[in-house]
Structure formats: structure tokens, C-alpha cells
């Protein structure tokens, strides 16, 4: 199973592709961050993020996309941009019929570190270890995107089957 | 000048097209609401909203799109979906090189009623009067979308020129 993890954000949007399955080794295929300048108009920043997400979907053809679930309790000054970027990522995947799953930060932390309250450094260490990388992906958004993809693979096939059915129903409805 | 006003929302997204200019009568060309069911997966709800916005852009070819600026202080349970829907609307317009403007609820209320603290009923009455309609557009999201378009027309040409320049710069950059 190949999963594109997306840590949405307007200033930095992390993207990471991981291949693997439950009980098998995980492989990182790609990792990166899309940055958009704070002085650019928001619609144009969102356009750039959409173009990059489309590019990653074209290149990697993932079986699923895992996006961080954004909560309004988060940092108030950035949460609106984060929500908008997550919406763009979801639509880009759903339009292609690719199942989209949302995982909360706690779920992701618990999946890769065993604790829902792990800090950024711990997540970086575990992502590096689980993917057998020689160095920790930087910035943290890149490591978080990989952690999202790992979380999705490990949360198993049952959930994905449900989402695939939902996505297929959506395609038929359109 | 023809403006598509969008009152973003996941459950109800208001759309309204108004034609006019400062100091001239205003005309309503179209008004409507896109609804998506609460039990549908969010990515599919956003896809449906995107498809509808694209359809309205195809049919009406507006000179500008005015979207309500969403604040995270708003109703916490709906703000994330509202932010995501607004992002989808902004990208749909910006990708076509159509200038996108954001107006706050207070700016819109002040533009059509003279008071930034006007209630829903007042906005409905003023939209009906300004567009010389025989009845108030329902639901409130539809009236709000028309109020956004009117606000944009009345806030004048100066701001639009800046946004057109930004949009053109964005087209060149891509």
C-alpha cells in the first residue's frame, strides 16, 4: 500500500510518501515541503498548494491520502489557512477517486511513538527509525507528513475498505 | 461589473450574482444555495461544492468573486468546514485568473445596511430593497451571498484594480 501523507499548512505544507503494509517493513519514496510566501494573496497561495499536491498525486499515484485532521482549538492565527489547505488536499485526492483519511495529531503520535503526547523531536526520531533513514527529515512538517502516512498504513486495511467504498459511491453519484 | 458573492459553508453554501457599478442600479442575475448532506464524507462534500462553484463561474463569467472572510472566533463546530469551503471557492476563481476579494461580515453588513451590527433580518430586507426583488431570498445564506456581491461592487474599483494586478502576477508566475 502506498500512502501520501499531508501535513496541511499555508506557510509550510509537508508531503511524504510511504509504501508498506501491516507487519512488513516500511519504505519512504519521497518527502518534501511546499512553502508559500506570507505576502502572497491567500487564493494564490492555495493555488500553489493545489498544484503541488496534484503533482505529487501524478508522480506517486498513491492508493490513499492521509491528511491531518485540523481542530479549531489549534493556534488561532494559522488555523484558518491550515483548514483551507487541508480542504484543497482532500478535494484533489477525492476528485481522482483516491480514498482520503483524516487522522488526529494524537492518533499519529500514538501510532509512531506509542504515546499520543509525544513531542516533535520524538516523532522525528521514530520516523527516522521506522523508515531506516540516515537523518531526520526537516522541517518537522516533512517528518509529520511521513508519520501520517505510517499511521495510515498501520491503522490497517479495514478502515481503508470503508473509505474506498465511500469514494466509489461518490464517483457514481457524480 | 458582475460579481459572484459566495457565503461559504459545508452544509449550505450561498451563491449570488449581482451586476452593477457605484452610483448605478444593481441587478440580481442569479441566486442559490448548494447543500451537502452531513452524513457524506467531507472530501466528497467539498468536491460537490467545488463542482457547483465551477458551474456558476462557467455560467456567469463574473469579473470578480467576493467571499466572506472566515474567522476562527466563529461557531467552533462549523468553522473548519466553512474555512475549507472558502478555500475551495477561492482556488476555483483564482485558477481562472478572476480576482478574489474577502470581506468581513461587518463590512458586508455596513455596506448594505449602514450598520456593521445589523441582524440577518435587516440584511435580508436591504438586499431585497437594493435589488428590487419581490421577496427576500431564502435561506439567509442566499441573501448573504448577494450582500457580499453588493458590498464588493460598492467598495469600489480601486481595491479591484489591486487584486486584478495580483491575480495577473499569479498567472505569470505559474
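Positions of Cβ are set from backbone N, Cα and C atoms, glycine also.
What TrEMBL records for A:7 (among others) is active site. Taking all protein chains in view, 29 other C-beta atoms sit within 10 angstroms of the C-beta of residue A:7 (active site).
Annotation comment: TrEMBL describes A:7, A:141 as Mg(2+) 1 binding site. In the three-state DSSP assignment, the secondary structure recorded for residue A:141 (Mg(2+) 1 binding site) is helix.
The active site annotation in TrEMBL covers A:68 (among others). Spatially close to residue A:68 (active site) yet at least six residues away along the chain are A:6, A:7, A:8, A:86, A:102, A:103, A:104, A:105, A:108, A:144, A:148, judged by Cβ distances under 8 angstroms.
Positions annotated as Mg(2+) 2 binding site by TrEMBL: A:68.
Feature annotation from TrEMBL assigns active site to A:141 (among others). Sequence-distant neighbours of residue A:141 (Mg(2+) 1 binding site) (same chain, 6+ residues apart, CB-CB distance under 8 A): A:7, A:9, A:12, A:13, A:14, A:33.
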